[in-house]
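Colleague: According to Swiss-Prot, the record shows the following:
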type	residues	note
BINDING	68, 73, 79, 308	[4Fe-4S] cluster 1 binding site
BINDING	94, 98, 101	[4Fe-4S] cluster 2 binding site
DOMAIN	80-297	domain 'Radical SAM core'
């Protein structure tokens, strides 16, 4: 077990330092050999990285963050090369320390009051028609960051009136009433909150989160705005069974969720939870068929699918896998 550390405000803690603070068994110790990636998990990198570097430069110029970079998303090259990115607001330091996630943990600094304006200008400069806004968890804020989400939505729409906005929000633990009062007053076009995995291994995968709380968050937003699609996603390959995934899908439908994403979990480093299995493309196709039969209007299911992967196409109901 790594030696516990004293966190300094504004410092990013990753890998061994981050995992040392997790109140579960350190999965990086004494585990079996890593699974070999199957052929279908091989990523093709674009030959020209000009567009990728351009997006990174725009982010740096305005002091913005993308979850694509901060979470080491395997689709970064593809998405950046197509001129799309998922913006991460409220800084790049998360107050949670989930052992599947590569976003840094620590004591974050105060939110940047100018971030909504800078974000809106960057999006306008990039001439985006669909944008996904997500954030780190901010358990240090009284509203969990909900007002900052609302401020970003307002600023973006002022600069780009025709744009579609999807928000991928945290669970607002202990702050649901306050957060929903704010978010339902300034709603996005798609409201997304990920369950991430199945109840049986929730404490291991999402320490500090609660499965039923997340379902209730999705349900209550839908009750306030029945006309707005609600969306959720899971990572698979962490030890769950296909039957458990299907049961989570049923729970989501019972709570009014209409859009679903399922993708393969990939281990960011040796300090994170190991991959227990690789789910085949055929299995993903079967789960998509199950989802559509349950009444999901959209289901993006495939090895490289992530919540915001081609989110504009997902929202249009186009095939994403």
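Cβ atoms here come from the backbone N, Cα and C positions, even for glycine.
Each of these features: where is it, how hidden is it, and who are its neighbours?
Modeller: The number of other Cβ atoms within 10 Å of the Cβ belonging to residue 308 ([4Fe-4S] cluster 1 binding site), over all protein chains shown, comes to 29. Mapped onto three states, the DSSP output places residue 308 ([4Fe-4S] cluster 1 binding site) in coil.
Applying an 8 A CB threshold to same-chain residues 6+ apart, the list for residue 98 ([4Fe-4S] cluster 2 binding site) reads 196, 205, 206, 207, 208, 209.
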Colleague: Kindly state the mean pLDDT of the domain 'Radical SAM core' (80-297) in the predicted structure.
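Modeller: Summing pLDDT over the domain 'Radical SAM core' (80-297) and dividing by its length gives 93.
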Colleague: In whole Å, note down how far the CA of residue 308 ([4Fe-4S] cluster 1 binding site) lies from the CA of residue 101 ([4Fe-4S] cluster 2 binding site).
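Modeller: A Cα-Cα distance of 15 Å.
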Colleague: What whole-number Å value do you get for the CA-CA distance of residue 94 ([4Fe-4S] cluster 2 binding site) and residue 308 ([4Fe-4S] cluster 1 binding site)?
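Modeller: One finds 19 Å between the Cα atoms of these residues.
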Colleague: Other than its own, how many Cβ atoms are within 10 Å of the Cβ belonging to residue 94 ([4Fe-4S] cluster 2 binding site)?
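Modeller: Its Cβ shell of radius 10 Å holds 26 other Cβ atoms.
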